[in-house]
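Dumping the structure here so I can ask a few things about it.
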Amino acid sequence: MSAVSPTAERLAPGALAVAFALGSVYVLWGSTYLAIRFALESYPPFLLGAGRMFLAGAIMYAVLRWRGVAPPSRKQWRTLWLLSIWMVLLSNGLVNLAETEVDSGLAAIAVASMPLFAGVFAMLRGRHPSKIEWIGLAIGFLGVIWLNAGSKLSASTLGLVCLTVAPIAWAWGSIWSRDQDLPSPFMAASAQMLTGSIWMLGAAVVTGERITAMPTWAATGAMLYLVVAGSIFGFTAYIWLLHHVRPALATSYAYVNPPIAVLFGALLAGERFTSHDLGAMAVILVGVVIITLARARAAKPAEPKPVELMPAESMPVKPMPVKHGVDAIAATGPGAAAEKETHA
């Protein structure tokens, strides 16, 4: 990846352009959790994920190859096959499965814990948190315990298991990918979605999923929204932000998306949230904010010198080789995405 100076990296964009890009990331990735819920009305969870990831990955891959972007090498393909298990199947796939029993906003709250687990895995791999990050981790995990102890999530065993495993898998994939040889970000995103779609299809076969009736237009529209808005447009806006604004602002979606997801769920789907749910969300997000700002501050260069376009340490939530187009879980995600997330 080419290196450029910090000043060349972020040519001052217009305020309107920044606002539009931020709004796109906030709204598009924040709304993917509800879009998943609507799509699940006609599509089983893993078949939904397979269709979404294949379409988004194929479109991105075709456009990139048409523009002359080099495809992944054989070694990179092997890495992406493995990475997509964590970043697609066990993150986005399990979020889809959880939302068959759990409200979309509650899923977004649970997935918001991903940066906390990422901090733990980073520590296990030799990157020790600062004192401020330790405080953020402690506060965030108190929120996770609070959420799992007495919220509506604890009433669904399937939802609880899926929404515990999904952010852990996403976090592990995000940290593991930092040491791997990966292609350019957009190519890595498209290839990861393509390989992830195969894993999703395999899970659908193993679990006996099938579409028994003609999908509704609403459900199909929701799936296409996930493809175009969540996986393609949202990721593109996120990459643009990484190149033009401070990392702390670009990664602010980590603590903005969950409240937006809760708002969409309440307004458009009539989801109800207890004070317990909202209190746990607030505590989790306080921890995420502390970690995000602490890492962004630590990533500031001491003096102007060449840096990579997407330095991993300046993206504390979902580094560039992490989300790869899969919005927050995820959710989006978020995919990315991240990246999730778990843009679902």
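If you go along the chain as it appears here, the first residue is 1 and each next one adds 1.
Cβ coordinates come from backbone N, Cα and C, glycine included.
Note: TrEMBL annotation is automatic and uncurated.
In case it's useful when we look at the structure, here is the feature table from TrEMBL:
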TRANSMEM  12-36  transmembrane segment
DOMAIN    21-148  domain 'EamA'
TRANSMEM  42-64  transmembrane segment
TRANSMEM  80-98  transmembrane segment
TRANSMEM  104-124  transmembrane segment
TRANSMEM  131-149  transmembrane segment
TRANSMEM  155-173  transmembrane segment
DOMAIN    158-292  domain 'EamA'
TRANSMEM  185-205  transmembrane segment
TRANSMEM  217-241  transmembrane segment
TRANSMEM  253-270  transmembrane segment
TRANSMEM  276-296  transmembrane segment
Would you call the transmembrane segment (131-149) and the transmembrane segment (276-296) in contact, using three or more Cβ pairs under 8 Å, pairs 6 or more apart in sequence?
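Yes, these stretches are in contact.
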In terms of Cβ proximity under 8 Å, which residues at least six beyond the ends of the transmembrane segment (42-64) contact it?
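Counting only partners 6 or more residues beyond its ends, the transmembrane segment (42-64) has Cβ contacts under 8 Å with 36, 88-89, 92-93, 96-97, 99-100, 186-187, 189-194, 196-198, 200-201, 203-204, 207, 209-211, 213, 215-216, 219-220, 223-224, 226-228, 231-232, 325-326.
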When you check the transmembrane segment (104-124) against the transmembrane segment (217-241), do you get at least 3 Cβ pairs under 8 Å, counting only pairs 6 or more apart in sequence?
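Contact between the transmembrane segment (217-241) and the transmembrane segment (104-124): absent, because fewer than 3 Cβ pairs are under 8 Å.
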With DSSP helix as H/G/I and strand as E/B, how many residues of the domain 'EamA' (158-292) fall in helix, strand and coil?
111 helix, 0 strand, 24 coil
In terms of Cβ proximity under 8 Å, which residues at least six beyond the ends of the transmembrane segment (276-296) contact it?
105-106, 109, 112-113, 115-116, 119, 130, 132-133, 135-144, 146-147, 150-153, 246-248, 251-252, 254-255, 258-259, 262, 313-314, 316-317
Can you tell me how the residues of the domain 'EamA' (21-148) break down into helix, strand and coil by DSSP?
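Helix, strand and coil residues of the domain 'EamA' (21-148) number 103 helix, 0 strand, 25 coil.
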What is the average pLDDT across the domain 'EamA' (21-148)?
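Residues in the domain 'EamA' (21-148) carry a mean pLDDT of 93 in this prediction.
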